[in-house]
Amino acid sequence: MKGEGKRSRGRCLAYVAAFIVFQTAIILAFALIVMRIKTPKVRFGAVSVENFSTGNSSSPFFDMRLMAQVTVKNTNFGHFKYENSTIKILYGGMQVGEVAVVKARARARQTKKFNVTIDISSANLSSNSNLGNDIATGVLPLSSEAKLSGKVHLLKVIKKKKSAGMSCTMGINLGTRAVQDLKCK
């Protein structure tokens, strides 16, 4: 009978030790997978051109309206609240268009999509010798920049500041009035 008590205590200690190891593994997996906060991604989804006009006379110009779908992909287990921001369209490093992005929230593990309309004009460009050449070749190279700053909220307790950035390049085919080679980083 004396041996049975020692065996049952040994088994009980083994079960407690196994339970502690199991709980530690679960907590470690939770901390490494769920609590890891990643930077959300912002990109252009689809872009189309409307109200398009160009001129290749002695003073080349372009005016157009871009209709773009913007996607904010949040891969975190908490929602991403971002503040008001802007999307800038650039030609040759100079700003030719801008649109405001109102503050919103991308839900946990989802992609938020919204549409923007961007009016683009070469009126603010200085005399750029490349503009006439680009219009003559039939493809107008544009780029875009945006930065959405906000916080990722995990479990309504943990808040971590993150900034989602966008840098896209595209070419506007002047013959077909379509966007080609849209690449975002």
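Cβ coordinates are placed from backbone N, Cα and C, and glycine is handled just like the others.
Feature annotation from TrEMBL assigns transmembrane segment to 12-35. Taken from TrEMBL, the feature domain 'Late embryogenesis abundant protein LEA-2 subgroup' covers 70-169.
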Other parts of the chain folded back onto the transmembrane segment (12-35), taken as Cβ under 8 Å at six or more residues beyond its ends: 77, 154, 158
Residues of the domain 'Late embryogenesis abundant protein LEA-2 subgroup' (70-169) by DSSP state, where helix covers H, G and I: 9 helix, 67 strand, 24 coil
Mean of pLDDT values spanning the domain 'Late embryogenesis abundant protein LEA-2 subgroup' (70-169): 93
